[in-house]
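Visitor: Pulled from Swiss-Prot, these are the listed features:
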type	residues	note
BINDING	G93, S94, V95, A96, V97, G98, K99, S100	ATP binding site
Amino acid sequence: MANSIQDALYLSFEREQWAELRKSVPLTLSEAELTQLKGMNEKLSLDEVTDIYLPLSRLLNLIVGAKQQRGLVIDKFLSQQAPKSPYIISIAGSVAVGKSTTARILQTLLQRWPEHPKVDLVTTDGFLYPLAELKRKGLLQRKGFPESYDTKLLGEFISAVKSGDNNVKVPLYSHITYDRLTDQHQVIAQPDIIILEGLNVLQTGLDTLVETRRPFVSDFVDFSIYVDADESLLKDWYQQRFLQFRHGAFNDPRSFFHHYATLSDGEANAIAANIWDTINGPNLQLNIQPTRERAKLILKKGKDHLISQVLMRR
C-alpha cells in the first residue's frame, strides 16, 4: 500500500538518474571539509556529494530563487518592503539515519550559492524539555517522542524567525550531559535559509490532541526532506554508533552515559538493542515514519548509508 501511495505522490529517481540532474553545478567541497561534515559511522564520499547532494542543492537553489522572486512581486504589489523572511527547509527521519550529516552538507553547499550566502542550521534537540522536567513528567524513557519537546517554545521560535524578527535565540543541547544548556544560545539573525533538523519536524497539528492544537513547525516550513531507511538497517546503525560512543563520548566523566563506558561489546550491544526496541523503534513506527509521505523529497538509504533512490513530490 505504501508503495502505491508513493507512486501516486512522487516522481522516483534511481541514483544514476538523479545524478544526471546535477547539470553543470561545480563540486566546491574538498575531502578535508567532507571529513569534518560527516557523522560517526557514515561512509560518505565525494561521489555521494556529487551524485546526490549537488543535484539537490541545484533544485533547492532554483526553488529558493523562485520564492525570492515571488517576494519581490508581493513587495511591488503592496508598494512596501516586507520584513526579510528566511526560506525554511526541514529534515526529518529516524535516530541514526544521518539527518545531521545531510543537514550539514546541504548547509555548506547552499551557502556557496551567491543568491543565499547565509544559511543557518538549527536542531530541534535544544527544544527538548530539560532533563529535570522530563524526569518530573515521567518522560525520560520517551525522550524523542513528540511529548518530550517544548512545542510551544519551538512554535514561538519558528514563528518569530518566519516573521522576520532579528537576533532570535535558540536553546542549545549537550549530547554529553544529555540536557538543554542553560548558559548558551544560538542566535538567528535573519538568514537567507534556515535548515531545521529533527525527528518530528513533519508532524502537524492533526497529530496532537484537539485541545492542545496550535500552529506547528510544519506550518512554517517551505520545503521538507525525509531521510529514510529500512528499520533493520537503522537498528544496526544505532548499535554500531552506540559501540563507538562507548569508546568516545561515554568516556567523558560528565557524560550522562558514562556508566556505559566500561561495558563489554556484548553488554553494550544488548543495551543498545534494548534501547532501540523499547524507545527508538516504537517512536519511529508510531510518530516518525507515518509522517514520511508529507515530505516534498524522500532520500532512501541502503547499506553503508548510501542513498539509492530519491523521491520528489509531483
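Numbering starts at 1 and runs along the chain as displayed.
The backbone N, Cα and C atoms fix where each Cβ goes, glycine too.
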Visitor: When you average the Cβ positions of G93, S94, V95, A96, V97, G98, K99, S100 for the ATP site, which other residues in that chain have a Cβ within 8 Å of that mean position?
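Guide: Result: V227, L234.
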Visitor: Far apart in sequence but close in space: which same-chain residues, 6 or more away, have a Cβ under 8 Å from S94 (ATP binding site)?
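Guide: L199, V227, A229, E231, L234, N280, L284, I288, Q289 - these are the non-local Cβ neighbours of S94 (ATP binding site), listed in sequence order.
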Visitor: Quick one, of the binding-site residues G93, G98, which Cβ has the fewest other Cβ within 10 Å?
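Guide: Comparing Cβ neighbour counts within 10 Å for the binding-site residues G93, G98 gives G98.
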Visitor: Which state, by DSSP, holds G93 (ATP binding site): helix, strand or coil?
Guide: strand
Visitor: Should S100 (ATP binding site) be counted as helix, strand, or coil on the basis of DSSP?
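Guide: Helix, per DSSP.
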